[in-house]
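As recorded in TrEMBL, the features of this protein are as follows:
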{"type": "BINDING", "residues": "Cys155, Cys158, Cys175, His188", "note": "Zn(2+) binding site"}
{"type": "DOMAIN", "residues": "131-239", "note": "domain 'UBP-type'"}
{"type": "DOMAIN", "residues": "280-814", "note": "domain 'USP'"}
{"type": "DOMAIN", "residues": "602-643", "note": "domain 'UBA'"}
{"type": "DOMAIN", "residues": "677-717", "note": "domain 'UBA'"}
Amino acid sequence: DSEGGLYVCMNTFLGFGREHIERHYRKTGQCVYLHLKRHVVEKVPGASGGALPKRRNAKLFLDLEISSDLNSDDFEYEDEAKLVIFPDHYEISLPNIEELPALVTIACDALLSAKSPYRKQEPDSWEEELQASKHAKTLVQLDNGVRIPPSGWKCSRCDLRENLWLNLTDGSVLCGKWFFDGSGGNGHAMEHYKETGYPLAVKLGTITPDGADVYSFDEEEPVLDPHIAKHLAHFGIDMLQMQVTENGLRDNDIKPRVSEWEVIQEAGMKLKPMYGPGYTGMKNLGNSCYLNAVMQAIFSIPEFQRAYVGNLPRIFDYSPLDPTQDFNTQMAKLGHGLLSGQYSKPPMKSELIEQVMKEEHKPQHNGISPRMFKAFISKGHPEFSSNRQQDAQEFFLHLINLVERNPVGSENPSDVFRFLVEERTQCCQSRKVRYTERVDYIMQLPVAMEAATNKDELIAYELKRREAEAARRPLPELVRAKIPFSACLQAFSEPSNVEDFWSSALQAKSAGVKTSRFASFPEYLVVQIKKFTFGLDWIPKKLDVSIDMPDFLDISHLRARGLQPGEEELPDIAPPIVIPDDPKVDEMRLLYFRRSFLVALDIDESSVMQLAEMGFPLEACRKAVYYTGNLGAEVAFNWIIAHMEEPDFAEPLVIPAFGEVDSSGAAALGAVGLDNQPPEEMVAIIISMGFQRNLAIQALKATNNNLERALEWIFSHPDPEEESDPALDTMDMENHANANILSETGSEGPRIKDGPGRYELFGFISHMGTSTMSGRYVCHLRKEGRWVIYNDLRVCASERPPKDLGYIYFYHRIPS
């Protein structure tokens, strides 16, 4: 509520705005509420030069906190608390020991002194102020003539160029500790301290005119160095000339003069701020820019606007008693915050004049803080629930999965992204083919590095870069590979080799190729540029390339054509399974045995590698992908989380004989339901692909709960018999918080919005940094005829949208 504050039920401790408290009382009968109201007191100059309090109400909209700097010296808080008794709205001011029972007084005191759940999400270290090091004032620096160059840093004991620390006593440049995600260093900075006792080090790449990151090995914590400028000058470093690299993150690469950070954020340009509906920024909650960028793009799509913001009153009316745990409520709330314009208002003219006269800039009270949304959508997910940077593409798929599982209204808004992919696999020896279809939401384009149009410039730049590093000189100006979009599209359409292909026509291993085409074109086409790859050390690397992405895209020539005249299909025969009699068979034979059947089952190795990248055992990743029917890394990840504690979690995958019920897979996904009903987890997986619940149940029953065969059954039975089970219907209604507003649609398979393959670009998300584990995301959207940049809280008209440096592109279909 904008003025009414927050009401907290003293029985359930759930909070409500003024517009919802009456409904909660009527539904629950709870009559005692704690009414909390916060007033912002702004200090204004008094006649005697002091500051007089100027009181005003703090605006609230559930958790859509106004992202202004209310912690500055210009503001103070006044909190008001009352106990309200319904239905008469009888108010008792707090504290009031005389009138209230002791138990009520204790409960109120505990609630008022409790730590905010939002603050609990943040690392405790963020709340602690750094203390000055005890060594800073008396630090002895060796006069050894060491001078630190502005670039080309490298650990003096190894070849690492990331996470480097400068010892402030002797000027040694050494790598930091190793991080759990495989990045970091070899700990040579700590080894140096143990050998010499030199206590302070500064992280290279964090030095700015405002300070730097300093660590005390002796005190074992980050510290402040009040004399940092003097200590750095001893080694030839002028703080006033330094700039932080990579936003102070662990990527310690030096920012070249044409770095993607500057280009993507349009640094150095006077960008005009944008205000009003659809121009609301989002606060970065600590490496949450991936979420901000994706949600800005999602809520620029009319189907999502209608589904959540258009249905906001209805969603709120049917929300559960605890709306913090309801996906549709959180989506509607976030969408309202972004699209209402209530949190994106231009400054008053008087405020601008005051700022000009005082030659100071005060942050505007605009933008929203999606803390509750992030807490809910990432709940139970080990990556998204952390404060580490994540992959925007993975979060997009995670969000779509949640949208699929929580339908609202007559249409699911995620239908606009869904399309069918036809995969044609051909045996190169027999020339026979197999056609299969799968559901997808993203078109992944490979980067055709071999098609770069500036190869000579790239070779020259690489030579200069190596020479500069060897001579410890500043690096030359960056030269990016320029890749034609047509080359990437050609690489997408070309056949790819199928490793260890087993031909059912030959009953033996053979060479095979696979080609992908669109069996349908989506309403909105999401294109991901596969910039991230693996280095020789299996650390994710990013290809820093420039691709001339078109404003208008026509992929009609990629339409699938199905089985062609003269083509002969591969027999539907599974490879023979030969189980060794000797349990002590040699490892090589057992490995060959395992790999043969994994390939025969066509396990998606890309999904396996995505999971392995997260640190899970390889065999567990293979089992997860197998038991979830090759439905992607997101679904397989959920399987892993559910089975991590099992004793055979990392054991090799045991394949059942062909035709048998895969009992291990069924057990893995959940026990078979009562009355021979399929496991709910299997049903949910098929529903998440866009199929109706009754169709999923029919398919699983017909295939004895074999997930892979159930999907084949669905595609081969376009018109299944109608079946209804009252017990299942009741269970389904209980499993959905918004069951009252769910609509029934046909069960003719995945909901596809097919149409022409001609599209127009309306948005893109760009990534800055060297890997998905770090960096920053920014979103550009085309609105009202012009491009707009969404950089967390900053929303401005874009002057030079860097369309060639994007990571994820959003196209909408051009009506025919």
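Think of each number as a place in line: the chain as shown, counted from 1.
Glycine too: its Cβ is placed from the backbone N, Cα and C atoms.
Unlike curated records, TrEMBL annotations are generated automatically.
A map of TrEMBL features onto the structure.
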residue: Cys155; record: Zn(2+) binding site; Cβ neighbours (10 Å): 21
residue: Cys158; record: Zn(2+) binding site; Cβ neighbours (10 Å): 12
residue: Cys175; record: Zn(2+) binding site; Cβ neighbours (10 Å): 26
residue: His188; record: Zn(2+) binding site; Cβ neighbours (10 Å): 21
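Taking the centre of the Cβ atoms of Cys155, Cys158, Cys175, His188 as the Zn(2+) site, the nearby residues of that chain (Cβ within 8 Å, site residues left out) are Ser156, Arg157, Asp159, Leu160, Leu164, Leu174, Gly185, Asn186, Gly187, Ala189.
Remark: secondary structure over the domain 'UBA' (602-643) totals 30 helix, 0 strand, 12 coil, with classes taken from DSSP.
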